[in-house]
Every structure is written in structure tokens, then in C-alpha cells.
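Notes follow the structure.
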Amino acid sequence: MAIRLGFRVRISLFQVLFLVFIISAERSDTRFLLTSNASAGERHSEEYCAMYDICGKRSDGKVLNCPYGSPSVKPDDLLSSKIQSMCPTISGNVCCTEAQFDTLRTQVQQAIPFLVGCPACLRNFLNLFCELTCSPNQSLFINVTSVSKVNNNLTVDGIEFIITDAFGEGLYNSCKDVKFGTMNTRAIDFIGAGAKTFKEWFAFIGTRAAPSVPGSPYAINFQPSIAESSGMKPMNVSTYSCGDNSLGCSCGDCPSASVCSGYAPPSLHKEGSCSVRIGSLKAKCIEFSLAILYIILVTIFFGWGLFHRTRERNPAPRMKPMLNVMDGSELHSMNRPKDENLSSQMLEDVPQIRNGVQLSIVQGYMSNFYRRYGTWVARHPTIMLCSSLAIVLVLCLGLIRFKVETRPEKLWVGPGSKAAEEKQFFDSHLAPFYRIEQLVLATIPDANGISPSIVTENNIKLLFEIQKKVDGLRANFSGSMISLTDICMKPLGQDCATQSVLQYFKMDSRNYDDYGGVQHVEYCFQHYTSADTCMSAFKAPLDPSTALGGFSGNNYSEASAFIVTYPVNNAIDKEGNETGKAVAWEKAFIQIVKDDLLPMMQSKNLTLSFSSESSIEEELKRESTADAITISISYLVMFAYISLTLGDTPRLSSFYISSKIFLGLAGVMLVMLSVLGSVGFFSAIGVKSTLIIMEVIPFLVLAVGVDNMCILVHAVKRQPLELPLEGRISNALVEVGPSITLASLAEVLAFAVGTFIPMPACRVFSMFAALAVLLDFLLQVTAFVALIVFDFLRAEDRRIDCFPCIKISSSYADSDKGIGQRKPGLLARYMKEVHAPILSLWGVKLVVISVFVAFALASIALCTRIEPGLEQKIVLPRDSYLQGYFNNVSEYLRIGPPLYFVVKNYNYSSESRHTNQLCSISQCNSDSLLNEIARASLIPESSYIAKPAASWLDDFLVWISPEAFGCCRKFTNGSYCPPNDQPPCCASEDGSCYLNGLCKDCTTCFRHSDLYNDRPSTAQFREKLPWFLAALPSADCSKGGHGAYTSSVELKGFESGIIQASSFRTYHTPLNKQIDYVNSMRAAREFTSRVSDSLKIQIFPYSVFYMFFEQYLDIWRTALINLAIAIGAVFIVCLVITCSLWSSAIILLVLAMIVVDLMGVMAILNIQLNALSVVNLVMAVGIAVEFCVHITHAFSVSSGDRNQRMKEALGTMGASVFSGITLTKLVGVIVLCFSRTEVFVVYYFQMYLALVLLGFLHGLVFLPVVLSMCGPPSRCVLIDKREDQPSPSSPL
């Protein structure tokens, strides 16, 4: 049940991203080392500088260039080599000092990690700032427009940078698609504030930053041209295309490259909808085909009917039909011999009757068995009752080991599940997915249905109050008080990674006014990746789409909901202390929300929905008592109906004797014992029960078993009172025993077929139900028959029902003498005198066949519209707080669940091709895994992949790259040296970092000559990977893997050259419907299957909801196979017992139509296909048997033509099927519509009501018509002499 897991929002918690080159406080100082022509003698010419040297610093420490023009300077050899290494376009003289270049180089290293994966982009980007800082022809395209005085020195305050549009376009196009994998986004979002054009990017670069705010210390006005009279010319250094052969980027960073054109993302297969258009009407192909088929069938049927009707106008009588049975009783299961006085020999000369009957071998054995068995039970009822109850009570002893399974993963996921195995692999080799606690605060829509923005000062301050209460929450676990900080996820081991807009204030209310209130929040919505003041307390950018809801596009200020998420550490051991602490805190969290936060929100005219990781499990437990009253009423109603049905027609003078209240109560108790015996047996062998079993199986067994009780009692009551009681019991069992056996055996088999369903909850349900139905049948033919004997002895002895010790005076004997001499009831007379004659009319037959076939074919067409899935809201009580939560999540959430692509046994050795088959930076294969993921993200409507994947491998290769000289560094002793802005390289004072000289001798880990095609050797990879995963990200090197990839790589045993498990993280698109979850999982599996086959690497997708939705990938296959087995089993049982292929085929047809029609009703009612509905469909096969088998066999043992036999079958069994089968189920089902849990209403009220009605219509309308037209031949021997009172007969 999981089910809510599908809505979990994977937040990019892990990567701490600091300022990149153009955003950093210091890099701006160097980036614009402008030399000005502010002196009186301004000059614009080659080999002349516009700015040279550094003349001061701002109050925030940013350096300012001197605005003095001067000739370019020839650098010494060391400086020249340094400049050439980073700026190959600059040679000879330069316009920068060594101090300027060192500052530039130091700050540029912050941008390099973002772009080094795409060499062309990096080269163009560096050229822009190399030309700006050190070009010898600087004055030709740089013009100082304003100056300021700092410490009596003039400094640059604003410049014009004349640069061609061609260079701007080339730079932007080479960088616009470069990924920044750690954040699953583009690098331009960080180094260009998400610019959509090069002009927007230049405008961002040129904005003068306020004090202590990242950005340029002076304004830069980029201009594409200038008047020729000025003597200036635009800077137009050549740019490299990202598809350049020498500096080419990967296809993921450059989809437009020619080498990538042959690898266009294949559109994942989506089954096309075949349709046919007729004029303005458009129909699906299957609907059109079925309509044509229906027209053909109806035409043939009407033609055959007309022909057949014509032939029958003058029929030649071939035999004499037997008289109708008296009192609406059923025909005996044995045919009558010729020339025999049946009235006199009715039950006294059984062998003579039997000799004239064409019984199958199985029927003969069953009839003989039930005759002898019935006589024995009637003579020894006490022994039979006690022994049968004793056996069941022994089974009930297993209840001492009774346990209920409530864990969703144990209920809905099979042990052999592929998704379960993948989850186990992911959890054990990487890390279990964290727990989610979530609040959703939303505004209430106005009269026009428009929700006002929630981003207001009052609402943000209210959010601070909520956060204060959550932070102060304490939960007791084993005597210790647990707070959020004790259990929350801390990527860098310091602050909780809470996802909330309050992170823009560092989760501190004191910063609200200091930072600028609402204006600061709105500023951070657009600059969350770049502004230092917008960085979260846990040192990572906070994507506003994870903390806001109800907005469109990027209009975050219009958001109508705050989404607050508390990620909590998870553990593999669900019974351990870590999980126990989390669960204890979650319970306290839910309680404080209900008691304090919810009233607070209502008073502010806001809505609040909430959830915790353990909410679903707790609500499922609560559900077990939510419908106790409803279910109890259902049982009472069925008990009342049973008692009324079993008794005779109420007569005031004899009601207290003829009533069967005690017998009905005993029958209900036997049903309960059968359920308890089933539960006890399976509990004894260690099978846990479920809440569904405890709530549904008693009702189902009662509904299934009640009809057998009615049939047994009515069969005994139909016997002549002249016979002794043991004769009546014996004959009654001969009549109905075989039919009850057939129906019960079919039901048991149908239930048992459900054990093939892989979902544990449904498999266990089917096991318990099958045994319960079997025990119920055995108790009915043993204990209940004994109880019938006792009850009839009580009635004959004139004792009061329920008070058998009280005996009525014999003076009432005469008035009650007629008890048992019963005339046909109203329902029996209706069936025989009204219902059957109407169905005998040819016009009615044609209409019935046409309508039922039409509905069956329409149901086949409707079946294609049934969607797989099980809505989370349905399985919870209607008053559950999770109902509102699921609604709000679906309405407000703008990001989908996380998706991991897990790679098994990655061979990183230099001899293996795996590295280039996985990565997506320069030199990687065009069809690599990460490039394919990036392509798939371009078609999210079919791939359901929202973004390129965050790649630890890409970031690791960039981290060790010599170009990223601030990342992978080593001390002279060979140990790891962190970036300059991290301890021990800098000393921290008041939040600032000052270099202390400890790391001045650190060098890059590798030179280009140390690598082969920019790839490390096996030994280099093995040595540096742990460094990378332990490296903290910072401004000088944002590619550190600690936090972001700590759990993405398994280092256990990696020294062998094989990494057993690693993952690449991305996101699904927002998934709002169950079908979206199913399709997203199917798309991910199809994608990884294709890529795995192509790369010959083991890859599988993993998302936290996959385990619960895997069942729906093949739910149709599972349903059809189980239905085929169930119907096939019933067919075989019917065939074996009746030895009539004809009768069995008709039963098979009717069963199939009932199931198909039931699926059509599911489509009309929007009932989804899942394990519950599959179990219901399978059970429908067993229950529907009862509507068919009695009528069919009564027809087969009747005499006369087909119409006469149909009338006789309805006259004898129609009333029993209606009152004993239809109504008994109907009265219990109707009560379930008042259930508080939607799952009962949808899957047990609606589906069972539809089943009962369809079974009734097919059994008492369609089946008789079919039998009257093409029923099997009669088993009766033709007789010449009519008798007044033929013997009762059985439906079998």
C-alpha cells in the first residue's frame, strides 16, 4: 500500500553547491580585471590596455582594477607559460599582472567543474574572460565608462565590453545544454541564472553586485558594436562548436552534434489506438469489429429462429411428457422407469426407480453414498454433531499462534518479485530510501475557484511558528526523548535537510527581516542556485519546485501551497532501534499536527494536510475496526433472513414451532467455526492472517454457505410427512447432496486458483477462503444435517423454537396437523405459472438472446478501458487524514518520484569499456547509459523521465581532471589536499576563510600525461575514488562527492576492479494517476532492458514505488490465466460428475458470460484491475456456478420437449435459486454500501452486487432460454402412463 510512496518527492539534498565563477565574490574581482582609459589621454589601439593592475578593494573585499590605460607588457617566461596554459589565444604581450592572473586563475577554477565535461564550452567560456583580463588589444573592445575613488585611488566602476553577437551566440550554444549532474539540471542554471539567450547571460554577468552579494564589483555593459570613429572593434575570438571534432562534447551535453544525430531518442513503444471513422463517428477497431460480429450473429440467429419456428408449427409428438411435480418441488436426480405407478413407489421402492435412470458413474456413487449417509446421520445425529465439531475445534487451537500482517511490503509484494529483489539489492548494497514526513499548507480557493498565492509575509511567519513547534517536538522511545535532529537526514552531518522555503532564511526567523522578507524569497525563487544568501542551512541549493505547489511553469510567486518535507534516515532492519525511534517520533508528529497545527491553520483560513512514513500502516490498522459495526449488521441481516427463509410460511398459531431461528443461528455459528478453523489451521503452520481475511472471509463464506442451508432445509421440508424422518433426510440428501457437492467443489477450486496470484495478501486470502468454504461445506453436510434432524424432531414433538424445553399442549395438535403439508409458495407459483411461460415465447427468446449477447460483446469492448492499479485513497477509511493528503499531493506536487538507474558489476579497469559506456562527458560513447537517459528526458511524455541523471562517474572524472585544478589535489607526501577554501587550507574567522599557507605546495593529482584519453588507470581509479566520495563540495570545487554520492557507490570489494553496485539518480515526471505509475515503471524497464542489451551491462531501474506497482505490469495476464484455470476447473468438475459434455459446455458459456459482463460493469463503474478485483473475478466463477448448475441439472432430468423441461426446471429450482441463492447474498451485500472504507464499497459492495444481479439474470433468464433452445437431451426414460404425483427430484 503502499502506495503513497509513489508520491514521494526526491529532493536534491545531497550536493552542496557554492558559487561558480561569475557568481563568486572573489571571482568577480578577477574576472573583470579591466584597465581603463579614464586618463585624459584615452587611447584605443592594438597592444594597448584599457585597465591594468589593481588599485583598491571594495568594503566587501572585492578587488577593483586601475582605470589607467597603458601599453601592453611583455610577461616573463613563467607568467607567459601560466597564461598560455589557460588562455591559448593570448601570446606575446599581455594587459594583466601576475597578481591579476593568479586571482583570475583562482576564481576561474570555480566554474571549471561545471563545464569541464564539455571542452568546447569550457574553452569558449575561458576565452571570454581571458580576453577581458589579459588580451594585449584590450583597449580595442574595453571602454571604461565610470570610475570611483577608493582610499584616494581611482578604480574602475563601470565598463563597456564590445563583443560580437557571433561570439555570444557561439558561447551560449556550446554551453546551453551542458549538464550539471549533481543537481539533475543544466550548468547554465548555475553560471548563467538559467539564461535562455546569450544576451540574458551577458546581462547576468554584467550586473554590478551589491556589497557582500556575489557578482561583479562594477557594471559591465555588453555591446555588439560601436561607432567606427571611436577606433574600437568588437572582440570576436573564434568559438568552438560543442560538436567540434577536437573539442567535442558528449551527446548528453551537445544533442545537436552531428555524431549524435544518428542516436535520436527512440520513442518508447506506446500502444497505438486503432480507430475507425464513419462520418463524424469515431470508434475503436475492437468496438467496430464487435459491432460487425454482433450484427452477423444476430442475423444468423434470427434466420435460424425463423427457420426453426417454421419447422415446429406442426410438430409430431414423439413422447408423452411427465407431469409437473407437485408443490414446485425439484425433480429427483434419477429418472423414472416406464409403466410404473410413481406415486405409490415414490420413495418406497428406490431400487426400481434407480433402475430406470440414466445416471453417470459418479452420480450413481454419490447418490448411493448420500442415501446411506443420510440414513445413518438421521439415526445418530449426536455422534455426527459432536465429532464434526470436535475436528473443527481442534483446528481452531491453531489460533494461539494467530498473527496479523500489516506491513504493506509483506502484503502486496510477492517473495519472488523482481522489484522486491531489486529493492533488496538497492537497500543492502547502497542505502535504503529515506523516510518522508510531510506537511502541505494551502490557501482556500475563492468564489471563482482561484487559489490566492501563499507566498505572503503572514504565511511565511506562520510557517516559522509551525517549524518551531516541530523542532520542539519530543517523542519517548524506550525512556529517551527523540527529536527531529536525532533522526533527520544530514547530508554533511550538521543540519537537517528539511525542504522548506524557510531554508532561504537558513531556517532562522531572525534572518527574515535582515534578508528582506518576502522580497528575498521571491529573489531566491529565481536565484536559488547562485545567491549565497539563498543557500540552505544544510549548504545546498533548494529548488523551489520541491518546497512549493500549485504553480504553473516557473511562476513560483503564484504558488498556492507550501510543501514542507522532513527526510528521515531509514534502516534495513524494520524492527531495529533506528526504525523504532523514527516511528515513535512520527506518531508524536501526527498527534501534534492534529492537536495544535490543524486548528492553527483553520483559524488562518488555510488548509493543512500531512503524512508520515508510518501513516499508511497505522491507518490500515485503524481500518480493522472502522467497519466492525457495518460488518456486524451485515451478519445480523443475513442471520435474520436465514431464519425467516428456513422456516415455514408464518402462521400465528404455529409460528413458534415452525420457525427456524435457532437452526439459522446454528448455521451462522457453523460458518464462523469454518472460518476460525481455516484461520487456525494456517496460523498453526505459520501463515499470518490479514485484515481483509478477518473482515471479508466470514461474510463471503456466509454468503456462499447460506444457500446450501436453505436448499438442504427446503429439500427436507418437501418430503412427504408419511415417511419417517430418516427417510426424509436420506431422500433430501439424495436430491440436493450431489448438487451441493458440485457447487461447493467448484467454489473451492475457484478460490484455490487465487493461490496462483503472486501478491501475498490475495494469495493468502484465497488459501484461507478455499479452506473455509471446504470446511463450511463439510460442516453443512455433517453438523448442519444433524442439527436439521434435531430441529425436525423438536417440531414434531411440539417444542418451541429457541426454547425446546417448553412443549406445547396436544390441544394444539389438530390446528397444527397440517404443518409440513405445504402448498407451493407464491415465488414457486410465479416461476412456474408466469416466469417460465413468458420465457417460452419465441419473441421473448429472441430478445433475451440478442440483449445478453449484445451486453457480452459490449463488455468485451469495455474491458479494454479497465485501468490497472489501486488508488491509495480507496484502501483507507473515508475519514482518514490521508484522504486529504493524497488529494493535495496530486493537486499541488510539481515533481515526480526519484528514479535510480542501478548498475551491477561495473568494471572500471582501464582494459574495460564500461567507463565510456556509462559516462556522458567528453570521450564517452554516444550511446552510453547517461547519454541515453539524457535523450529519454527529452521525451518525458513517453519515457516519464524528467531530467538527465546525476552522475557520480561524470563528476568523478571531472574531479580528477587536470583542468579542475582546484579539486583533486595532493600534498607533497601524496595524501589528499582539500580545496583552498576548506580546512586545513584556510582558517575560519567570523565565517570568512583566510589562506594560512598550509596548502601552498599542493599540486593537482594528475597531469594530462598521467591519463590515457583523459581516463584514469585502474590503480588511479582505485586510489582516487575514495578521495572523491569523501571530498566536501565548496566554492573552489563544487564537484566533491561527499553528501551527493555517499550512497551512490558501493566501495565494498571495489579493490578488485569491479564496483558491485552504483546508481545514477534522476526523477520521474509528476505521476498523478495509478496508470501513470504503471506506465512509468514499464517505460523505465523497457528503457533499461534496451540499454542493457546494447551495452552488455547489467542495469535495472529502481524507484521506491516499483515494488508495489510491479503486479500491474502483468495484471491482465494474471487475471486471464487465473480465470481460465478457474473456469476450466469448474468445467472439468461438471464434466466428471455429470458425464455430459453438453451440459458442461452450457455451464461454461454462462460462467464466461457472467465474468465478462462483470468486467464490463467494472469498466462502467471505473473499478480498477488489481489483485482485489482479480480475486473477486475468480470467486465470481465459483459463486456463479450456483446460479447455473441447479437449473441445468433440473432441466437434464426432466422429461418432455425443451420448453416443457425448461418450465419444469424453473418450477422446481427457480424459487430455490432466487430465494436461497440470490436473496441470501443480496441482503448481506447491500449492507456493505454503508461501509466507512471505500475498498468495501467498491470491491465488495459494487462488484458483489453486480455479481449477484448478473448471476440472477443469467441463471433465471438467459440460461432457461438457452436450455429451451439448445439444451442437452433428457436423462429421463420415456413413460406412457401419467402419474398424479411424481416423486421429488434433485437438481443434479
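Heads up, the Cβ atoms here are built off N, Cα and C, so glycines get one too.
Marked as signal peptide by TrEMBL: 1-25.
Tertiary neighbourhood of the transmembrane segment (288-307): same-chain residues 276, 842, 845-846, 849-850, 853-854, 857-858, 860-861, selected by CB-CB distance under 8 Å and a gap of 6+ residues from either end. Under the heading transmembrane segment, TrEMBL lists 288-307 (among others).
Residues or ranges marked as transmembrane segment in TrEMBL: 381-400 (among others).
Taken from TrEMBL, the feature domain 'SSD' covers 627-790.
According to TrEMBL, the feature transmembrane segment maps to 628-649 (among others).
Annotation comment: TrEMBL describes 661-685 (among others) as transmembrane segment.
If you look up TrEMBL, you'll see 691-716 (among others) marked as transmembrane segment.
The transmembrane segment annotation in TrEMBL covers 736-759 (among others).
Annotation comment: TrEMBL describes 839-862 (among others) as transmembrane segment.
Among the features that TrEMBL reports, transmembrane segment is placed at 1115-1138 (among others). Within the same chain, residues 360, 362-363, 366, 738, 741-742, 745-746, 749-750, 753-754, 756-758, 868, 1144-1145, 1147-1148, 1151-1152, 1155, 1169-1171, 1174, 1177-1178, 1181-1182, 1185, 1189, 1193, 1196, 1292 sit at least 6 positions outside the transmembrane segment (1115-1138) and bring their C-beta atoms closer than 8 Å to a C-beta of that stretch.
For 1145-1165 (among others), the entry in TrEMBL reads transmembrane segment.
Summarising the annotation, TrEMBL assigns transmembrane segment to 1177-1197 (among others).
Feature annotation from TrEMBL assigns transmembrane segment to 1209-1231 (among others).
With a cut-off of 8 Å between Cβ atoms, the residues of this chain six or more beyond the transmembrane segment (1243-1267) that come close are 696, 699, 703, 835-836, 839, 844-845, 848-849, 852, 874, 1146, 1149-1150, 1153-1154, 1157-1158, 1161-1162, 1165, 1167, 1172-1173, 1176, 1180, 1183-1184, 1186-1188, 1191-1192, 1195, 1202, 1205-1206, 1209-1210, 1214, 1217-1218, 1221-1222, 1225-1226, 1229-1230, 1232-1233, 1235. Residues or ranges marked as transmembrane segment in TrEMBL: 1243-1267 (among others).
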Per-residue pLDDT averaged over the domain 'SSD' (627-790), given as an integer: 80
Close approaches to the transmembrane segment (736-759) from elsewhere in its chain (Cβ under 8 angstroms; 6 or more beyond its ends): 330, 333, 363, 366-367, 370, 374, 411-414, 416-417, 704, 708, 711-712, 715, 765-767, 769-770, 773-774, 776-777, 780-781, 1111, 1118, 1121-1122, 1125-1126, 1129-1130, 1133-1134, 1137-1138, 1171, 1174-1175, 1178-1179, 1181-1183, 1185-1186, 1189-1190, 1193, 1290-1292
Long-range environment of the transmembrane segment (381-400) - Cβ separation under 8 angstroms, sequence gap at least 6: 673-674, 676-685, 775, 778-779, 782-783, 785-787, 789-790
